[in-house]
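Visitor: One structure, pasted below without further comment.
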């Protein structure tokens, strides 16, 4: 751009020597041809990008201008020799504010006055008082032309920008005899000349405007003399109103954003910290319907940014967290194994205390991604590498003196976000979001997968066996073990007594007559009181023995239907045969640690297959016995 300025300055010097006499002769001796008006076709379309120069002949200075417009913004860029480049961005919708940016320093001030390309009072009656843009100057010229005529310079052909230019001149007297005079010259491409290279531009195409204020039309010494020349017409690229990353404009009408609700949401979040060159990738599954939020990642040793949790909150190796707002508990896991089970508390960003109560409720997912305390203003829209259009908002966070840049889709869903250091404009952290379908998320875990976290390993009399009427393993294959587990837990809560589903674990065996027999384990009620959530009464949980007695009563009366969902979408009701119900292990087995002969035989074969000695089997306690020798007891007892 500096090279362009140097060339332009040379041209200014040459053109400044031009004599106004030939044009003033037209004012003194008007041609005999009929005066004509300019065409209003020289107006600019809604979207455009034009470049050129503005020259003040009396000050011997010139400026390069680039102006662009879209439906949302009009942008003017100006550069003058020995001055830092300047940029004005005017909103064309909403509050219609104007922001000024020092392009070199990056300083931005919102809600400033419009710029003045030149401010000469005598010219206001001709081009209007608004000289903030080339667009407004051209509009003023068209409005002036509605009541004024001029003359085309005959037998005078100029080639400007590769097209034949027509010259139109008008001489303007003052309101009184003592008022100064004004000479107005307009050059434009005639309708018969070569058409512009890009549509929607068409001839006549404005090429230049020149205004000279004179004491009278006999004087060739101007009091004020300015010109504007346009040398390029094109369509905007789309990012002309962009403010460089890390810059926030002061004094704008910042507001709290209304983001798209994310009540059912699954996504992969990638947090990147350039200072450590480290990415923390986490998967999140949020369901307001199910009142749960799951988070999983490689490790949370740097904390959980989504919860604003510090590294000290979770142990090294934690890679899964579940917050269950139905029952008020937090579960954590590491490498697929249970790590902790604890009451839900409000030290995490996703847990809110409902106004006027002490009850815990879920924070909105959109506000976990974007701090609801920040106030944003709109910047220019953009398109990412895959063609997704998004809006850009920015806010200043005084707590850590960072600039937050937020990208959202047209319907205001979070697309990505970045934080920049105030002043240096260095990136502090970035967030990119990749949405995934809820149903395909690997975090769609069943309650049985977390039952080991709840179970406090109190094994006495907490397992029973019962046969399902008229069902076989083939029927189970159409439902799945997890599906059966959920159905049994749901049936107990609906038909027997309300119970937290994490207490229920279901497995199966095949009976002697090839029927389906299920093993139901109901863990003892935990001694850990839950967080204070709405809907779950911890005090009503019964002991396992009490639950089993009620289950037996309900099954005997066929009042405990198990509603399962088959893989073809059809629901069925399964019924347990109460006459086959028995405790597992048998009640007459008190204090016995060992195996029957048949069981030992089966276990010996099992141990040989997996390379474990029979001697090792002898130290198995009752817990292993119920899990490993199920088939042995079923066959040999």
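We number each residue from 1, going along the chain as drawn.
From the backbone N, Cα and C atoms, a Cβ is placed for every residue, glycine too.
Not my notes, these are from Swiss-Prot:
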- 1-600: topological domain 'Extracellular' (TOPO_DOM)
- 102: N-linked glycosylation site (CARBOHYD)
- 111: N-linked glycosylation site (CARBOHYD)
- 178: N-linked glycosylation site (CARBOHYD)
- 218: N-linked glycosylation site (CARBOHYD)
- 253: N-linked glycosylation site (CARBOHYD)
- 277: N-linked glycosylation site (CARBOHYD)
- 316: N-linked glycosylation site (CARBOHYD)
- 355: N-linked glycosylation site (CARBOHYD)
- 461: N-linked glycosylation site (CARBOHYD)
- 537: N-linked glycosylation site (CARBOHYD)
- 552: N-linked glycosylation site (CARBOHYD)
- 601-621: transmembrane segment (TRANSMEM)
- 622-637: topological domain 'Cytoplasmic' (TOPO_DOM)
Visitor: Say you check the Cα of residue 111 (N-linked glycosylation site) against those of the glycosylation sites 102, 218, 355, 537, 552; which is nearest?
Guide: 102
Visitor: Which has the fewest other CB atoms in a 10 Å radius around its CB: 111, 178, 253, the listed glycosylation sites?
Guide: 178
Visitor: I'd like to confirm something. Which of the glycosylation sites, 218, 253, 316, 552, has a Cα closest to the Cα of residue 178 (N-linked glycosylation site)?
Guide: 218
Visitor: For the topological domain 'Extracellular' (1-600), provide the mean pLDDT of the predicted model.
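Guide: So the average pLDDT across the topological domain 'Extracellular' (1-600) works out to 87.
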Visitor: Helix, strand or coil for residue 178 (N-linked glycosylation site)? Use DSSP.
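Guide: Once the DSSP labels are grouped into three classes, residue 178 (N-linked glycosylation site) ends up as coil.
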Visitor: For each of 102, 218, 277, 537, 552, count the other CB atoms within 10 A of its CB; which of these glycosylation sites has the top count?
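Guide: Most Cβ neighbours within 10 Å: 552.
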Visitor: Can you grab the distance from residue 355 (N-linked glycosylation site) over to residue 102 (N-linked glycosylation site)? Cα atoms, rounded to a whole Å.
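Guide: Computed Cα spacing between residue 355 (N-linked glycosylation site) and residue 102 (N-linked glycosylation site) is 45 Å.
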Visitor: Check the glycosylation sites 316, 355, 461 for other C-beta atoms within 10 angstroms of each C-beta and report the one with the most.
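Guide: The residue with the most neighbouring Cβ atoms within 10 Å is 461.
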Visitor: Going by Cα-Cα distance, pick out whichever of the glycosylation sites 102, 316, 461, 552 is nearest to residue 218 (N-linked glycosylation site).
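Guide: That would be 102, nearest by Cα distance.
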Visitor: Three states by DSSP: which one describes residue 552 (N-linked glycosylation site)?
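Guide: The residue in question, residue 552 (N-linked glycosylation site), is helix (DSSP, three-state).
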Visitor: May I ask you to report the DSSP-based helix, strand or coil state of residue 277 (N-linked glycosylation site)?
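Guide: The three-state answer is coil.
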